[in-house]
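Please read the structure below before turning to the comments.
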C-alpha cells in the first residue's frame, strides 16, 4: 500500500472513492457537508432514503456521483459528535475499510481525520487508519497452493485530504510511524502464522539475520547451544532437550543513539511449538501452540519498526527460541536445573517452560546495562481467565515503567492491565529440593509466573507482558494479531521524544 497527503479542492479532486464522515442524526462532517452542497443535497437525501442514521460503524457507498471526477463516495457513521472516542473512531475506520476493500476501488482519498477524537492529534488519527487498513488487507497465503489463491484486493493507494499544505507535517509523521508499525505487525503476524514445521528456532534466527542485512544500524547475532552451555544457561537448554531442533538465542542490537547511551531491552519468548513436553497438553487446539513464539515475533517486529523509523535510541532484542516436545531426553516433572543466574529450579510441570527460557534471557540482558527490560510472552492461560482477550497482562518491579507502558497502550489501543506481584505470592513458588519451583499451584497462575521471572530481574527496571490472550485470535478468524508491536513501539517513540 502507498500512503500520501493530498491538498486539493473538492471541485478538482479526482479519485475512485472519497471517504467522508457523518455524525448521528445525519449531521455531516465538514468535508461531507461541503461535498453535499456541491452535489445539491444528494448525500443528505440518500442518507435519509436509506435510513442511515450515522451511528458508529454505519456505512453507505454512493456510486455514480455527479461531476465524473469522483467515482464513489463512502459515507461513514461516526456516532454522536460529542461522544466520538477512540473505540468509536476505530470501529468507524474498520467498517469503512471493509467496504472500501470490497468496493473494487484502486485509489481512495480519506477525510475522516478531520474530526475531533478527544485530544488526539492528526498523527495519531492517521496511524490508526493505516494500522487498521493494513490489518484489514492482511492475507496469509504463504502455505496455500496456487489453485487456492483468491483475488487480492485492488486497493493500492490511500491519500489523506488536507485543506492546506501547512497541515501536512503531523499527517506525514502519522504516515511514517503508521507504516513502520504496520510493517512490524505484518512481520510478527507472518512469523506467528507459519506452522511449527516451517518456523523452527533455526528459521526464526534466519529471518532475524535477514533483517539485520536490511538496516545499517541493526546488528543481529545468534548464540548456539554450545554458547549457551558456556554461559551456563541450563534452564533454556533443558527445554530444548526434548526436541531435535537446537535452541537459539537471537540477539538484535539496534544502535540509533549517539555515543554510548544505555539500551532498552526487549525479550520475546520464542517457543516455536509447545506440546507441553512430558506434561503433555490436550490434543484439542494444540495446533495453536505454534503461536507460542508470538512474543519473540512481536519483539522482532518491533525492532524492525524502530529501525525503519530510525528512532534515536538504542534497543536490544533478545529472543530465546526452542521447541517443547516429549522425548526420552526431555525434562521430567521433578527434574532440577541450574539457571544462568545460579538459581536452581525444580520443574514440577514441563508445560511451564516459557519461564525457563525467559529467566536465562533475563540474566543475559544484564550485560547490556539496560535502561529498562520488557519481556513479552504468551506465558499463561491463567491470564486469559483473569483478563479475557482484550488487554495484555502487565506486571513489573518499577511503577514508572509500568505507567509508561500503560500510557503507551492507551495511545495505541493495544492496552494492558496491571496485576500485582506482591511478595505474598512468592510463597507459592517454594520448593523442598531447589531454590524455586517453576509453578505455584492453580491460584494466580499469571501472577506467580511473573513472580518467578522477577527473581531474575532484580538488577534492573523490569516489566512483563503476558500476551496469551492478545497475541492471536482463535475460531473462524484464527490468526496472529501482531500485538504487542504497537504498544512496544509507542513506548520507544515516547522515550525518544
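Every residue, even glycine, has its Cβ placed from backbone N, Cα and C.
What Swiss-Prot annotates here:
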| type | residues | note |
| --- | --- | --- |
| ACT_SITE | 281 | active site |
| ACT_SITE | 355 | active site |
| BINDING | 269, 274, 292, 353 | Mn(2+) 2 binding site |
| BINDING | 274, 351, 353 | Mn(2+) 1 binding site |
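Positions of Swiss-Prot features highlighted on the structure.
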| residue | record | Cβ contacts under 8 Å, 6 or more apart |
| --- | --- | --- |
| 269 | Mn(2+) 2 binding site | 292, 293, 295, 296, 320, 354, 357, 358, 375, 376, 377, 378, 379 |
| 274 | Mn(2+) 2 binding site | 281, 289, 292, 323, 324, 351, 353, 354 |
| 355 | active site | 379, 438, 449, 452, 453 |
Among all the protein chains here, how many other CB atoms are within 10 A of the CB of residue 353 (Mn(2+) 2 binding site)? 29
In three-state DSSP terms, residue 274 (Mn(2+) 2 binding site) is classed as strand
In this structure, which of the binding-site residues 292, 351 has the fewest other Cβ atoms within 10 Å of its Cβ? 351
